[in-house]
Amino acid sequence: MDTILDNLNPEQLAAVTLPSQSALILAGAGSGKTRVLTTRIAWLLKTGQVSTSGIMAVTFTNKAAKEMLSRLSVMFPVNARGMWIGTFHGLCNRLLRTHYQDAALPQSFNILDSQDQLSTVKRLLKTNNIDDDKYPPRNLVYFINHAKESGYRASHVEPQDDYERKMVELYSLYEDQCQREGVVDFAELLLRSYELLERNQTLREHYQDRFRHILVDEFQDTNNLQYKWLKLLAGNDSSIFAVGDDDQSIYAFRGANVGNMLSFQQDFNVQNLIRLEQNYRSHGNILEAANTLIAHNRNRLGKNLHTDAGEGEPIRICEAPSDLNEVQWILEEVNHLIREGMERKQIAVLYRSNAQSRVIEHGLFSAGIPYRVYGGLRFFERAEIKHAIAYLQLIDNPANNAAFLRVVNFPARGIGARTIENLQEMARMHDISLFEAIPYVSGKGGTALGSFIRLIQSIRAEVQPMNLPTLIQTVLEKSGLMMHYQTEKEGADRLENLEQLVSAAMLFLSEEGFSQEAPALMTEAVTPAGEKSMLTVDEVMDADVPLSMIMSPLSAFLTHASLEAGENQAQEGQDALQLMTVHSAKGLEFDAVFITGLEEGLFPHENSAREDGGLEEERRLMYVAITRARKRLYLSYAQTRMLHGHMRYNVSSRFVAELPDKTMKWLTPKKQSSYLNPRHEPTARFDQSSVPQMQAPASFHKNSEWRIGETVIHKKFGEGVIVGLEGQGANVRANINFGRHGMKLLDLSIAKLEHAS
DNA sequence: ATCAAATTTATTTTT
DNA sequence: TAAATTTGAT
């Protein structure tokens, strides 16, 4: 008992041992947040206040959920079965699988990931003959998700204008289509389970009664629907232990609402607000910089981090003439750190947007320094894996038209667009799935479709008794996917990934406690007669029903594929420099951190100026970046930078000017807070000899060469008239009317023009 | 049905 | 610049 509370500081101890009331823990960066969360659970269990089944712990990422579980099992011999520890989406999935009938879902509903959702919407627009220039699929997806995350069904949305009226109508059609096809998108998991509990008093009271303690990680990231969901589940008697940091709220752009922290204090009459301000991560200078920076934000609950560690090294900052020089400087400093004995994986290079990684990678590559870039395609998002998954989904749920369309002609089997159109027409006429509509299609297309249906059915029959890995292997072979990639010249990697899918399935079964040998298509609850033993509602709810009782191994694996897209980092394990956006660095820490591209327009990003609260969110982002560093912090910016094929001339970020002088060491001469007066002298102090220099574009000294009204000749477009000139220096662009080719805006440093004499 | 050319567009991202 | 998507041609 005592041992788990050992070494907690007074605030942590207070938080862990709070009475059973709702509480808000303001946990600063590096203040031992996860420790408090897991110790709280262990303490509740050890003091006998609650049993494992009475606890729910919610996180945003699978990684965080796993981390919590593994740290908990060190402190307490956990029966993982009974505890509901998982992501919002994972827990909602569990609710919906358990009560699929009450939720009006088929037992084996499939989950759409964002890619799937977008293609579903595109298909919807096409079948309804909607002009997708007028109603872009992306906008519709945004509209739908936004509505769902506010808790609104199509019927609840009050359209403000004709455009919205149409969007609502399409939202409604989308709802119908998903329902028909037995698929559910991410937001739907939340909304559907919210509605389930709201509508069904028995269920609601059961779960409210059961989960006496609900713990929420990263509370500042909750969206409105997640907050409503928590409120509903907590009812009047359960307590919510919410841990979060308003200063680290960086996901407003995807619906996170920091305001939930304030609402929570009111709605739950929170008496206990505890601040964890003791930082165990960073040296003093780094913390002071972070504190000073974030103090520029107006809307805060307020918090100041402190440390027992000394002030440590100063923060080193460099103004580079160009992005190339900036990288050169990073290289020098990195080599220095490595020579001092720092591990490469303890060094992170952070940037605001992914596009910035290119130059950095290039530099590291040339210098032969191993690095690892975070982000990019994850395992289950790869095309070949998505194809394989689609075959599996079709076997799991034949109504899934998205899956059907993805593979009906992949590998190619002569089923063309025309045939598909006929099929879709038939499906619509008879109100059935594409799969069921096949017999209605006659002619050549009908024959090809006929063999497809026979293929799927024969696979399904063959696969009936198989366990999951064997089933997948069989599907890969019989579908022709293997053969397809064997014959494709660049298919080797893809084949390897497909093989990995089989191993992923094996790993999944053992991790989730499924029997390795059970038939993949059936749940374990099978009587000797082969009939499903129906659990009563009470049994389902009261017993701690393992996932394997409510989902077949196949359904469970498909869910896993959608909800946990897998690793997105290459070459794990190697000692390599870490490259990532500031967003993906959240939650991580490193001995040394480089924050690059500290320029107005980049960081803070220019687009953020248009959103309200945008600048404060950018500043929080900077705060997150700074607080990643343990011992060393490096900042840099460049006077010129190549972006989207154009040269950009940036001034330094206001965030640089907001940092306290005494914590900084300038490696280039310091400028007067240059973001306030954009015109400044270029520095000549930088050694540029080792760096390829940008050549000044031909039109650099004003564009006397070209005049408005002049006729010019272009290789492709022929004769045209200059109607406008804009920009300066390298940025000169000309608006030229090329008659039948229309108006073109050409970059004069790139386009080759001739004067028409 | 497939590939090449043209056009467009470029924050941040987990589930 | 470069990647992704759409259009157009064979």
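Cβ coordinates come from backbone N, Cα and C, glycine included.
Predicted, not measured: the structure shown is a model, and the values here were computed from it.
Noted in TrEMBL for the protein shown:
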BINDING   A:ALA27, A:GLY28, A:ALA29, A:GLY30, A:SER31, A:GLY32, A:LYS33, A:THR34  ATP binding site
DOMAIN    A:6-283  domain 'UvrD-like helicase ATP-binding'
DOMAIN    A:284-587  domain 'UvrD-like helicase C-terminal'
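For A:GLY28 (ATP binding site), the same-chain residues lying six or more positions away in sequence with a CB closer than 8 A to its CB are A:ASP245, A:ASP247, A:ARG275, A:LEU276, A:GLU277, A:ASN279, A:LYS303, A:LEU305. Each of the binding-site residues A:SER31, A:THR34 was ranked by the number of other C-beta atoms within 10 Å, and first place falls to A:SER31. Sequence-distant contacts of A:ALA29 (ATP binding site), defined as residues of its own chain at least six apart whose C-beta falls under 8 angstroms from its C-beta, comprise A:ASP245, A:ASP247, A:GLN248, A:ASN279, A:ARG281, A:ALA290, A:LEU305, A:TYR623, A:VAL624, A:THR627.
The C-beta environment of A:ALA27 (ATP binding site), restricted to residues of the same chain at least 6 apart in sequence and closer than 8 Å, consists of A:LYS33, A:VAL36, A:VAL243, A:GLY244, A:ASP245, A:LEU276. Sequence-distant neighbours of A:GLY30 (ATP binding site): residues of the same chain at least 6 apart with a C-beta under 8 Å from its C-beta are A:ASN279, A:TYR280, A:ARG281, A:SER282, A:LEU305, A:GLU589, A:THR627. The average pLDDT computed for the domain 'UvrD-like helicase ATP-binding' (A:6-283) is 94. Those residues of the chain, other than A:ALA27, A:GLY28, A:ALA29, A:GLY30, A:SER31, A:GLY32, A:LYS33, A:THR34, with a C-beta within 8 angstroms of the mean position of the ATP site C-beta atoms are A:VAL36, A:ASP245, A:LEU276, A:ASN279, A:TYR280. There are 21 other Cβ atoms within 10 Å of the Cβ belonging to A:GLY32 (ATP binding site). The Cβ of A:LYS33 (ATP binding site) has 22 neighbouring Cβ atoms from other residues within 10 Å, across all protein chains displayed.
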